[in-house]
Amino acid sequence: MTMITPSFPGNSLAVVLQRRDWENPGVTQLNRLAAHPPFASWRNSEEARTDRPSQQLRSLNGEWRFAWFPAPEAVPESWLECDLPEADTVVVPSNWQMHGYDAPIYTNVTYPITVNPPFVPTENPTGCYSLTFNVDESWLQEGQTRIIFDGVNSAFHLWCNGRWVGYGQDSRLPSEFDLSAFLRAGENRLAVMVLRWSDGSYLEDQDMWRMSGIFRDVSLLHKPTTQISDFHVATRFNDDFSRAVLEAEVQMCGELRDYLRVTVSLWQGETQVASGTAPFGGEIIDERGGYADRVTLRLNVENPKLWSAEIPNLYRAVVELHTADGTLIEAEACDVGFREVRIENGLLLLNGKPLLIRGVNRHEHHPLHGQVMDEQTMVQDILLMKQNNFNAVRCSHYPNHPLWYTLCDRYGLYVVDEANIETHGMVPMNRLTDDPRWLPAMSERVTRMVQRDRNHPSVIIWSLGNESGHGANHDALYRWIKSVDPSRPVQYEGGGADTTATDIICPMYARVDEDQPFPAVPKWSIKKWLSLPGETRPLILCEYAHAMGNSLGGFAKYWQAFRQYPRLQGGFVWDWVDQSLIKYDENGNPWSAYGGDFGDTPNDRQFCMNGLVFADRTPHPALTEAKHQQQFFQFRLSGQTIEVTSEYLFRHSDNELLHWMVALDGKPLASGEVPLDVAPQGKQLIELPELPQPESAGQLWLTVRVVQPNATAWSEAGHISAWQQWRLAENLSVTLPAASHAIPHLTTSEMDFCIELGNKRWQFNRQSGFLSQMWIGDKKQLLTPLRDQFTRAPLDNDIGVSEATRIDPNAWVERWKAAGHYQAEAALLQCTADTLADAVLITTAHAWQHQGKTLFISRKTYRIDGSGQMAITVDVEVASDTPHPARIGLNCQLAQVAERVNWLGLGPQENYPDRLTAACFDRWDLPLSDMYTPYVFPSENGLRCGTRELNYGPHQWRGDFQFNISRYSQQQLMETSHRHLLHAEEGTWLNIDGFHMGIGGDDSWSPSVSAEFQLSAGRYHYQLVWCQK
């Protein structure tokens, strides 16, 4: 194969502007080099083997000159020769919007430009970058010097020393050009004109911030004239994986000589495992022969150490191009993982064993840097994923930074590599995939991804893109991948998740048991999908459990199904990280922004924040629920025997201790530690000693935790990987409390009932029927009366797609508003006081009404005895024709602000009725500030369920209830758009709920709280005791 001579359609800016390559779907590149795996062109095989920095690879990251223009036509021709006076300095890589030029736009489905493909607006923001640099003189004398742009959004033209070099688009894959003919001795100048919009933008309608610029690395690479132009490695096995073959196909370009040889050596650390040498000349392909510029070498490997996410064993393959006498011309290298992926009998298998995908979707996002990814952030993401029992990641919805795949190889994550194709805003969605004019553009996005990433063992599945419908173009691309790389399955959700263009049924947001009959592309329940006639493929949800704000309710139902049905092989949670961006107020204080905060239109508000972690990678409480449901050890208690089952496919437990503890109301009574010795997919029985039988009252709980005593590549020593709790018994008190000789005194006035006992007083307003005040000594305890509460500050899942300009009457919040739940007022039906032998009894009844209609009837009794305890009993009736309420509880504003909150119940993290399997029953003690979850969009938060006792300041509440406590009222949470605008109110707001509706999370745009977690009973009863410590 001979070197390609660049073509030059014209140097001038005027010629480029006239051609308008960015509005021609048939032009995806001009003079761009062919795709290949990342190169380093080592000139020393030892450096290639140890992956040392190559002297032939030079980074151009750093400060570049930059000028912004509203359209490419506004760029002066003189810019090609010299920097403009108005030019500033920006760092490359970066998004120019993060430097104050132009505005980022957040939109989900709607295109940010008028839909008229392939044309884009004449107002097309344009960034003009320039850089002066010198190159090593030896690079000019021989060989080829390339420039590599790893990511530019969305299209760009490149000049070097005033001469036009080429054009590229597809913002998420490299564009590489040969600069050899343009470089000169001394100083050289690059000029890069980046356009915000191009015809490629119609293929990049992903749910994300729309940003621009050179946002990935830029580098120079010097290769010899005769060079390795591509290499591909694959692993083959015998039936029991005891023998393997490393198959390496190497391609060269330049002057083909008989004396050229290729050596491929395989290394494990310092040990060479296998090696082979061959001249060029491929195997016979057809009657015309084979490829003269290619060679395939096959290296036999006995007892290979297999790669998996559990045990990411890696070898190193070094590919050397040399002469017959051994003189090295150049070397390339890559990590190799011996593993096999195939689908057999309806199951996705890795190394012969069925995978259970514990996956998450991940956008490349940084709150300060936009879409620029650095190694530290990538490693942080991987460590958090591994620590929280994720084993897979979907690159949603584009090929990621090249380093991401290397890190996934080394730390161990399964990767779905996804083409940069999404046309969600098209009507119909498949408009472009059924148009042959768009096949070249779509084809390059798929073929180049495969050619770049196919050497990575972590990549186990190719994806043809996201939400682009299904058409002839996708069918063609599916066939191309299956021809070129039959070693991996292909998945594609578009067109219904089960078309002919996918090997895996990969729906998004299909529910466990409920069908969703959408037009043309129904979403069956995942259980039903498996049983459809003729369907034999595995099902892996490409997106599920929409983690927007306070969400992930019902997550456990999915995992029950995954473990029950073998062909339900898991899924990818949507998604990993909140896509909020940092802005600064007038005082320089940072705050988290979402759609619309930059004046961007159109925008989809806070829909960009669906993460299991905040933008700064602080975990959401829901992450703990995901960790628990996905844990690799499962437990069953039978008598005094704990059965531990390992869901690891390849790992024998060699770094795990099982800690067990029996506690009564959080007080440890007995504990122990047992080393785990469990084979992959095996079991271990652990016999506990005779457990204590306490005589005192309380709940007896057995807790087991799996602890890793030693640090690993992804966790510190002491990491807890799995846990489970069982309630063994509940002993009731058999001793009567000591009789009090004091008797509370009741005073009745026209306005109030007042009860006094020592230094304590309780006041009930006879006009409202509420407990209006309490005193301890002369200190008031309440800032607002104790009232019924049936509402919550709406969650994202409660709001759904409803907004001011588009009301969705089916959304929970709109149903509550329409019924008057938020506007309901109490009509007093009864308020009486009685003096008993040793107590005072207050009896009240209220009808909560809106526009004359009764929504709730609440009947309460307050029994204040001689010990100062107030026992509250509540009975609530819900009108049959009103929507199920969000909660049934009590609310008040306490006068105190205490530093800490202590409770006996489920914790320590926020938990809700349909998201509490990860919470543990114990006695917890946290700062008041930790009881609030700082969701960027304020909403109901901080609930703790299963509470038996709550202590705050001088007060104690006992019973069986749920509570949240913070400095923010429900009203403020409802009226505030961003968390930084919240202000701490006087005192502390307390909600005590007898019952609370689930939060849902199957998706965030339709009501998704399962029926068993809705408050549909009609009648409710709860009680609690309020006293002072």
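For all residues, glycine too, the Cβ spot is worked out from N, Cα and C.
Positions annotated as active site, proton donor by Swiss-Prot: GLU467. GLU467 (active site, proton donor): 23 other CB atoms within 10 A of its CB, across all protein chains. According to DSSP, GLU467 (active site, proton donor) is assigned to coil rather than to any helix or strand.
For GLU543, the entry in Swiss-Prot reads active site, nucleophile, with the evidence type sequence analysis. Classification of GLU543 (active site, nucleophile) by DSSP places it within a strand. With a 10 A radius on its CB, GLU543 (active site, nucleophile) counts 25 other CB atoms from all the protein chains.
Around the Cβ of ASN108 (substrate binding site), 18 further Cβ atoms fall within 10 Å across all displayed protein chains. Annotated substrate binding site per Swiss-Prot: ASN108, ASP207, GLU467, GLU543, TYR544, ALA545, HIS546, ASN610, TRP1005, in sequence order, evidence recorded as sequence analysis.
The local packing around ASP207 (Na(+) binding site), expressed as other Cβ atoms within 10 Å of its Cβ over all shown chains, amounts to 23. Reduced to three states, the DSSP call for ASP207 (Na(+) binding site) is coil. The feature Na(+) binding site is assigned by Swiss-Prot to ASP207, PHE607, ASN610, with sequence analysis given as support.
Per Swiss-Prot, the feature Mg(2+) 1 binding site maps to GLU422, HIS424, GLU467.
Look at Swiss-Prot and you will find ASN603 tagged as Mg(2+) 2 binding site, backed by sequence analysis. All chains included, 22 other C-beta atoms sit within 10 angstroms of the C-beta of ASN603 (Mg(2+) 2 binding site).
The site 'Transition state stabilizer' annotation in Swiss-Prot covers HIS363 (among others) and is backed by sequence analysis. Using a 10 Å Cβ-Cβ cutoff, HIS363 (site 'Transition state stabilizer') registers 22 neighbours. Secondary structure at HIS363 (site 'Transition state stabilizer'), taken from DSSP and collapsed to helix, strand or coil, is coil.
Summarising the annotation, Swiss-Prot assigns site 'Transition state stabilizer' to HIS397 (among others) and lists sequence analysis as the type of evidence. On its own chain, HIS397 (site 'Transition state stabilizer') has GLN206, ASP207, GLU418, ASN420, ILE421, GLU422, GLY465, ASN466, GLU467 as residues at least 6 apart in sequence with a Cβ closer than 8 Å to its own Cβ. Reduced to three states, the DSSP call for HIS397 (site 'Transition state stabilizer') is coil.
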* Taking Cα atoms as reference points, rank the binding-site residues ASN108, HIS546, ASN610, TRP1005 by distance from HIS424 (Mg(2+) 1 binding site) and give the first. => ASN108
* **recorded positions near TYR544 (substrate binding site), in sequence order, restricted to HIS363, ASN603, PHE607, ASN610 and a 10 Å Cα cut-off** => none
* Asked: Which of these recorded positions is closest to HIS546 (substrate binding site) if you go by CA atoms: HIS363, ASN603, PHE607, ASN610?
  -> ASN610
* Asked: If you count the C-beta atoms lying within 10 Å of each candidate's C-beta, which of the binding-site residues HIS424, HIS546 ends up with the smallest number?
  -> HIS424
* Out of TYR544, TRP1005, which has the highest number of nearby Cβ atoms, where nearby means within 10 Å of its Cβ, if these are the binding-site residues? -> TYR544
* Spatial neighbour of ASN603 (Mg(2+) 2 binding site) that is closest, considering only the recorded positions ASN108, GLU543, ASN610, TRP1005 and their CA atoms -> ASN108
* Asked: Nearest to ASN108 (substrate binding site) by Cα, among GLU543, PHE607, ASN610 (recorded positions)?
  -> PHE607
* Compute the mean position of the Cβ atoms of GLU422, HIS424, GLU467, which form the recorded Mg(2+) 1 site, and then list in sequence order the other residues of that chain whose Cβ is within 8 Å of it. => VAL109, ASP205, GLN206, ASP207, HIS397, THR423, GLY425, MET429, GLY465, ASN466, SER468, GLY494
* Determine, from DSSP, whether GLU422 (Mg(2+) 1 binding site) sits in helix, strand or coil. => strand
* **Site extent for substrate (largest Cα pair distance over ASN108, ASP207, GLU467, GLU543, TYR544, ALA545, HIS546, ASN610, TRP1005, Å)** => 18
* To do: Round to a whole number and give the Cα-to-Cα distance in Å for the pair ASN610 (Na(+) binding site) and GLU543 (active site, nucleophile).
  => 12
